[in-house]
């Protein structure tokens with residue numbers, strides 16, 4: 001019908017052209033043209049509307065206004081401004097439409113210039129400027145416009161009140177509200193919501209009781225307020241008194257019961273609802289997801305008569321939180337439409353379940369799909385790069401963050417900072433730290449902990465001193481970083497000073513993590529008696545981490561008796577902690593106590609503990625290459641093994657001697673040497689030397705702690721090949737260069 005109508009208009013237009021426009025168009029004819037243009041604009045057919053407009057024998061200001069309004073409605077701001085500038089004559093409506101267009105496109109400066117140029121203004125013009133300033137947070141400018149208005153209506157008063165409430169100027173909002181009595185209902189509701197936003201439930205209730213008239217929004221706002229405050233009895237009483245309950249009233253009760261952990265009551269209300277919408281269903285599904293009842297959540301999800309993106313996102317997030325990434329991906333693939341939340345959920349799901357490469361693949365797919373990248377997706381992608389030490393991929397993600405403008409914000413900036421540290425790139429981490437415009441405590445803590453984990457204790461403490469000078473108050477995590485820095489670099493006196501002064505100077509009471517750091521600090525230094533005394537003086541029972549730290553120190557210093565005592569305590573608390581079994585076995589093997597090594601193996605079997613297999617990996621040309629001990633599956637294995645044999649000869653000439661005492665098997669020395677030669681970190685280092693350009697560092701990661709023999713060997717390798725080799729194990733970083741490690745062998 002619309003098409004026929006338009007063709008008729010074009011036909012009549014052609015007829016008039018044939019008659020050479022002998023008579024001017026009538027008002028009725030112009031009205032038809034304008035209606036046809038408006039119809040095209042409502043349907044998003046801007047080109048068709050323009051063709052009609054250009055064909056008009058006579059155009060009025062209404063014709064221009066219809067085109068300009070249509071362009072603005074369809075997001076063609078520049079076309080609207082061009083047409084406005086070409087108007088032969090403008091009326092007040094033209095000016096107001098264009099003014100609103102500037103404001104909606106957040107061009108407040110240009111809007112103000114246009115406002116000043118207007119030959120005449122009405123209350124609509126003034127309210128448009130007031131609303132523009134208010135919605136963009138320019139409250140003082142909004143108030144100035146309000147005060148200069150020659151005439152104010154209820155929209156003006158409501159606009160300024162909303163500006164105060166929405167921008168945190170609640171006291172001014174209350175004073176403004178008290179300055180007059182005849183407020184619209186929308187203003188009462190606005191101020192009541194302001195009270196609740198500030199957790200002032202009593203004030204909201206007093207206002208509610210004073211209201212001369214209430215609507216559903218008033219009742220629903222108060223019901224939601226009580227529900228969020230945990231007072232479901234009062235929420236239910238108001239719900240029962242509500243004269244006209246709508247779907248939002250019912251949904252507020254469902255959400256309230258869910259938020260207060262009353263899932264069964266929420267379901268009872270949900271089932272009683274006379275009418276449900278997507279929000280109602282989503283609230284109930286979210287309740288089951290939060291309670292980890294995914295089967296019931298899925299049944300309800302499948303029963304929904306209509307689903308929106310939020311419904312799908314809730315289910316995907318639920319599966320991800322329950323480590324069921326297969327079901328999450330299955331739903332993700334079935335989604336009829338996705339948004340940035342959908343992508344962020346699946347990327348986070350892969351990252352949280354240890355599927356880091358898949359997380360990065362999804363990030364790339366998201367970008368390829370044209371979805372806008374947000375802070376959450378950047379953070380998840382960078383976290384994945386950090387966990388697998390994919391530096392080159394991390395740099396590519398960084399590049400995307402720069403393009404979107406997120407780079408220097410705290411959220412993404414901190415994720416970039418952590419990524420560079422975890423990938424072993426200290427210089428780039430420092431540059432990133434400097435680039436973050438407004439550093440928060442997370443920025444400082446990441447910087448401090450990063451230096452500490454790399455063994456650069458003095459730099460870490462320098463960061464801490466800078467914090468103090470700038471007045472940044474440290475927190476518990478800061479002090480863990482400080483004590484770790486002292487522990488990793490043997491700064492015993494400094495660490496002791498910080499530990500015993502942290503409560504008095506910074507108001508931070510030492511917690512188990514701080515004590516574990518101090519035990520580690522003393523234990524590494526061989527002061528085992530002091531470490532034990534500290535454990536006895538702790539205001540709480542020592543944790544498994546504290547005993548494990550003491551066990552590690554006992555192994556380093558060969559104190560078998562203390563190691564056995566510490567191990568016994570760890571096994572009681574964490575019987576499945578494989579690391580402690582291995583530490584004690586290492587100590588027995590070093591002492592030649594092979595019978596006890598065998599007993600430890602039996603204990604592992606009896607406790608049904610599966611030893612975590614060690615593996616190492618290295619990134620080469622955006623690809624992760626993973627190695628296990630004695631790896632025979634890598635396509636370059638023959639080349640790697642030949643190179644290792646060549647290195648082994650050069651290392652022995654350089655003074656390297658295999659640490660065969662670390663082999664947990666009672667076999668001949670030659671066989672022990674052979675077993676040590678092909679550890680995963682040595683294979684990864686060899687492959688890195690063969691494939692990574694000579695001017696770049698070799699960055700190798702290991703899921704477990706590097707063994708003493710590999711640590712010694714890589715020192716020799718770095719000297720022989722003249723390369724910087726950075727190794728990240730499960731505890732810290734080691735920077736090998738010219739035969740020396742950054743840890744100073746203090747690990």
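Note that the numbers count up from 1, one per residue, in the order the chain is shown.
Each Cβ is built from the backbone N, Cα and C atoms, and glycine gets one as well.
Per TrEMBL, repeat 'PPR' is recorded for 60-94 (among others). Helix first, then strand, then coil: DSSP counts for the repeat 'PPR' (60-94) stand at 26 helix, 0 strand, 9 coil.
Per TrEMBL, repeat 'PPR' is recorded for 122-156 (among others). Below 8 angstroms of C-beta separation, residues 92, 95-96, 99-100, 102-103, 106, 108, 111-112, 115, 162-164, 166-167, 169, 183-184, 187 of the same chain, each at least six residues beyond the ends of the repeat 'PPR' (122-156), sit close to that stretch.
The repeat 'PPR' annotation in TrEMBL covers 184-218 (among others). Each residue in the repeat 'PPR' (184-218) gets a DSSP state, and the totals come to 26 helix, 0 strand, 9 coil.
The repeat 'PPR' feature in TrEMBL is assigned to 246-280 (among others). Listed as Cβ neighbours of the repeat 'PPR' (246-280) (distance under 8 Å, sequence separation of 6 or more from its ends, same chain) are residues 216, 219-220, 223-224, 226-228, 230, 232, 235-236, 239, 286-288, 290-291, 304, 306-308, 310-311.
Per DSSP, the secondary structure of the repeat 'PPR' (308-342) breaks down as 26 helix, 0 strand, 9 coil. Residues or ranges marked as repeat 'PPR' by TrEMBL: 308-342 (among others).
Broken down with DSSP, the repeat 'PPR' (440-474) shows 26 helix, 0 strand, 9 coil. Annotated repeat 'PPR' per TrEMBL: 440-474 (among others), in sequence order.
According to TrEMBL, the domain 'DYW' annotation covers 655-747.
Confidence for the domain 'DYW' (655-747), expressed as mean pLDDT, is 82.
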